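Written out below as structure tokens is the structure these notes cover.
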Amino acid sequence: MGGSKKRRRAERATIHPRNKYSENPPDFSELASLYPSFRPFVFHSSRTGRPAIDWTDFNATRELTRVLLHRDHGVDWWIPDGQLCPTISNRSNYIHWIEDLLSSELIPSIRDSDHRVRGFDIGTGANCIYPLLGASLLGWSFVGSDVTAVALEWARKNVQSNPHLSELIEIRNANSSLVSKSSPEESGCEDVAALASLENPGSLEYDRKVGCYQGPPVLVNVVRDGEEFDFCMCNPPFFESIEETGLNPRTACGGTTDEMVCLGGEQAFVTRIIEDSVTLKHSFRWFTSMVGKKSSLKFLISKVWEFGVSIIKTTEFVQGRTARWGLAWSFISPNKKLIAITSNTPRRNNHSFTLEALPRQFGASQILKSVESFFLANGASCKTDFSSFSVNVTISNEQTGMIHKDGPNGEIVTSLTSNESNNLQCSFADVSFSVSVYEQIPGTLLVKGAFLHKENPLAGTFMSLLLQLEEALKKEFLNKLSGR
Ligand SMILES: C[S@@+](CC[C@H](N)C(=O)[O-])C[C@H]1O[C@@H](n2cnc3c(N)ncnc32)[C@H](O)[C@@H]1O
């Protein structure tokens, strides 16, 4: 009981603050009263003392997803038996992380600032979940690709059932350009297995000797000439075999072999996305993928650096009891502004500033949420305690991918070259600090940052981040006041 309480707290701590369910997890009895079709799946759990569903029952999880999409997103949705059933809250975390990446201004925009955000979902599945969430939550437009007949048919059905979103989502068959454009030579794989997989696109082949993915096209030859996207995203087939999934694919959240398994696993699949990203570096602002194993994340981070990217960001998502990671990279040079802000920063272990003359609706918890969002958007992990109005922030080199080190005169050097960054990734520890918000008198709040290391060469980085936080909060709250 104590353990599960702790776990629930830990799960809530990692849910994105803008996720609809971060403060209000779904109330099953309320949903059962709104949707009679959901009622048979809800029972009283003697373990938790609350209404519950059987998470190993595919019909129950599918009905939960259906009613949440309907009630909270205005989306009509269905998938056939056995197809991968998404958990809405977890999938929303990935969408909000991308939203943070796009608004972080780490790299300049490649398109007009008032354009509609356009994304590419690699392997959208029958559930088409990312385009449906991105379009309904944020008005983004999408191309969703897939290769299996059932995924393409049901993704299209899910789009057509929602006429208010159908203009925003195009479902694309990644196989359709296969015969005319792709050949084994072009894909860099000489083995005859490549030919076999071209003829039978549903079977994803992986040549262990050559070590490259040889299935249907992923981005190259699927993205059309002249197309531009703000980002791509992907929940890849994670596993090398159905046995590796460790579950019967016909229970729980479903998932067929086509959806879950790719010979070579996620390392091979995401490596193909990375290789394709080099060819398409000018067509996307951010390339991203979900990654299922920490060992794959490490492998893929070093792969990405090999290709001369200018920035990498990572994050951790929690899916029930399972951790997943988000990996993002770009070839666009980071904004010079970031580097300018961080130069000549003094090395100090604490920094405080006040926000004055705030209207009553901006209390300490609102400011704390903005502090948390600021650091999450910069790739940090945050542990927020709303009872003490403080947040503990940890930024690892692996998480940020923005490698900072203090220069010889105390200035911050932001290192962007792959070799140097790799070295720095090995040699620098995490940066940890706490930020607390105190209400001094109504309308005046003190924000205090304290560096948690006694001696650390990265005290200048801490100061730089706190100064950026001060600027961001003043811009967000004080500009609202003056109507600017
Ligand atoms: C793990 S499922 C993800 C489905 C959905 N995006 C989700 O998050 O629930 C992976 C999907 O990738 C598709 N897929 C495999 N190879 C692909 C390729 N080369 N291009 C596009 N989709 C592919 C599979 O058919 C499957 O639907």
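Glycine is treated like the rest: Cβ placed from N, Cα and C.
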| message | Based on TrEMBL, name the residue from Arg91, Arg111, Arg272, Arg285 that is recorded for the same S-adenosyl-L-methionine site as Gly123, Asp146, Asn235. | response | Arg91
| Nonlocal neighbours by CB distance (under 8 Å) for Asp146 (S-adenosyl-L-methionine binding site), same chain, sequence gap 6 or more | Gly123, Thr124, Gly125, Leu152, Ala155, Ile171, Asn173, Ala174
| note | Excluding its own, the Cβ atoms lying within 10 Å of the Cβ of Gly123 (S-adenosyl-L-methionine binding site) add up to 24
| said: So if I draw a 10 Å sphere around the Cβ of Asn235 (S-adenosyl-L-methionine binding site), how many other Cβ atoms end up inside it? | reply: 25
| The record names Arg91, Gly123, Asp146, Asn235 as the residues that bind S-adenosyl-L-methionine; what is their largest Cα to Cα distance in Å? | 18
| said: Quick check: in three-state DSSP terms, what is Asp146 (S-adenosyl-L-methionine binding site)? | reply: strand
| Once the DSSP letters are reduced so that anything not helix or strand counts as coil, what is Arg91 (S-adenosyl-L-methionine binding site)? | helix
| Conformational class of Asn235 (S-adenosyl-L-methionine binding site) under the three-state DSSP mapping | coil
